[in-house]
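**Student:** Annotations for this protein, taken from Swiss-Prot, read as follows:
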BINDING   14-17, K28, Q81, 86-87, 110-112, G149, E163, N178, N236, R341, K359, Y374, N385  UDP-N-acetyl-alpha-D-glucosamine binding site
BINDING   D112, N236  Mg(2+) binding site
BINDING   A388, N394, Y395, S413, A431  acetyl-CoA binding site
REGION    1-238  region 'Pyrophosphorylase'
REGION    239-259  region 'Linker'
REGION    260-491  region 'N-acetyltransferase'
REGION    460-491  region 'Disordered'
Amino acid sequence: MTTQPAVPAAVIVLAAGEGTRMRSATPKVLHPLGGRPLVGHALRAARGTAPEHLVVVLRHQADRVREALAGDFPSVLVALQDDVPGTGRAVQCALEALPADLSGTVLVTYGDVPLLSSATLQRLAGAHAAGGNAVTVLTALLADPTGYGRVLRDGTGVTGIVEQKDATAEQLAVREVNSGVYAFEAAALRESLGRVGRDNAAGEVYLTDVLSLVRAAGGRVEALALEDEWEIRGVNDRAQLADLAAEANRRTLRRWMLAGVTIADPATTWIDADVELAPDVTIRPGVQLHGTTRVATGAVVGPDSTLTDVEVGAGALVERTHGSSAVVGEGAQVGPFAFLRPGTRLGAEGKIGTFVETKNATIGRGSKVPHLSYVGDATIGEHSNIGAASVFVNYDGVNKARTTVGDHVRMGSDNMYVAPVTVGDGAYSGAGTVIRKDVPAGALAINVAPQRNLEGWTLAKRPGTPAAEAAQRANDESTGTTASTDREIQP
């Protein structure tokens, strides 16, 4: 049966638990999955239903969680759970943060269920409204229901839910489980919660007790069965986190492949939830794309590259590169074995080559830093070339300074640029030049001292070494002298 979407009056996300099985100083709901904290996934799904009110319930390290959510969820209401334990008490605390006259559908979900979708929450709200239910519970049939509350039924429908720790042997055999996600009629929820006690093995206020109370009062309790069990899976420990992360990544990769992206080896590719890829992008094996990375059409990334918050232009090639907070222009080439640090901006058709590190540097259109160089705190104009083994010396131990290189510049290998310094348009430099002063446009910079050859130095200073023996042979050959055949050659 197709149900029409319904806008909930409120969505409550429960995120107050300590998560002791994670064995972590970080609150469980802040552990990342696919580039977002667990609770971030839950809040995005909740926000996707367009509720009138969105509430998150916090307790453990509440200030830390609140701070982490402030940027992406500035309008979410935060309710703090007191020392009374249990999901029922958490929902009571959320209701206290909402208008007293709230009416309509209230959805309740959890901050550690990252794959639950907005579409499923909308289906739940729609089924709840269409059935005129007081409570609608989201359920699933699991081959192994261990750890989940069991859904109890009779011939008339759902009669209640029993937590595993309180279940009888007969009830433990039930495979239909409670997802912990509900739709409630607001008034019925308020009234029933006020009558829930703590007479159970854990001494907690169970939200599940509301179902039997509502049913006893004549309210309609129904279930919406979910076929995709991954959507209801929660995170209690690191093993479950890894399982859910792998499934989330598999779904992300499939979504991009169906959208026209080539992913050569899904088994070695990880793409965060907020990454954007255009059609005809190619992702080679061993690639990780994190944060808000954007890759434009026709670009090739990989193999063996990790990009975080990097923008890659159309037709660019980025191979065996580690980059963060950088921009790679259209048709540009990066790598192999390049390191793009924050603030790197490579222009169209430019090149950052093998064993090159860049930081806070702008490299203009068509300019190249082909190999074995460090470019930090620099601006390089268009169509310039930086020779191999060049170092932009930007730090004097106290302050950092900037180097500016103009257009159509040709700099020699093994140059050092001691900032602050400017190299004018069309300038050249010789190999091994240390540039300490500005170079005028069109000038050749060269400051290498004349070469001196100290003849006979090796024979005089390193006698008996293989180098001395080789030098002696060369000298003998050049003068026509026949070397002694019984001379011992050092190994």
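Numbering starts at 1 and runs along the chain as displayed.
Glycine is no exception: its Cβ is also placed from the backbone N, Cα and C atoms.
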**Student:** Pop the Cα-Cα gap between N236 (Mg(2+) binding site) and G111 (UDP-N-acetyl-alpha-D-glucosamine binding site) into the table, whole Å please.
**Tutor:** 11
**Student:** Under 8 Å between C-beta atoms and at least six residues away from its ends: which parts of the chain pack against the region 'Linker' (239-259)?
**Tutor:** 22, 31, 33-34, 114-115, 230, 233, 266, 269-273, 277, 279
**Student:** Tell me whether A388 (acetyl-CoA binding site) sits in a helix, a strand or coil according to DSSP.
**Tutor:** coil
**Student:** Could you tell me which of these binding-site residues, G17, G86, G111, has the greatest number of Cβ atoms within 10 Å of its own Cβ?
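**Tutor:** Sorting the candidates by Cβ neighbours within 10 Å, the top entry is G111.
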**Student:** Out of L14, D112, N385, which of these binding-site residues is nearest N394 (acetyl-CoA binding site) by C-alpha distance?
**Tutor:** N385
**Student:** Give the maximum pairwise CA distance in Å, whole number, for the residues A388, N394, Y395, S413, A431 listed as binding acetyl-CoA.
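**Tutor:** This binding site's residues have a maximal Cα-Cα distance of 22 Å.
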**Student:** What residues, ordered by sequence, lie under 8 A Cβ-to-Cβ from D112 (Mg(2+) binding site) and sit at least six positions away in the same chain?
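**Tutor:** For D112 (Mg(2+) binding site), the qualifying residues are A15, G17, G19, K28, V29, L38, V39, A42, G234, V235, N236.
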**Student:** Nearest to L14 (UDP-N-acetyl-alpha-D-glucosamine binding site) in three-dimensional space, by Cα, is which of the binding-site residues A388, Y395, S413, A431?
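**Tutor:** Nearest listed residue in space: Y395.
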**Student:** Compute the C-alpha separation of S413 (acetyl-CoA binding site) from G86 (UDP-N-acetyl-alpha-D-glucosamine binding site), stating it in Å without decimals.
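**Tutor:** If we compare the Cα positions of S413 (acetyl-CoA binding site) and G86 (UDP-N-acetyl-alpha-D-glucosamine binding site), the gap is 68 Å.
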**Student:** Please list, in sequence order, the residues in the chain of E163 (UDP-N-acetyl-alpha-D-glucosamine binding site) that are at least six apart in sequence and whose C-beta is under 8 Å away from its C-beta.
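**Tutor:** The answer is G149, N200, A201, A202, Y206, T208.
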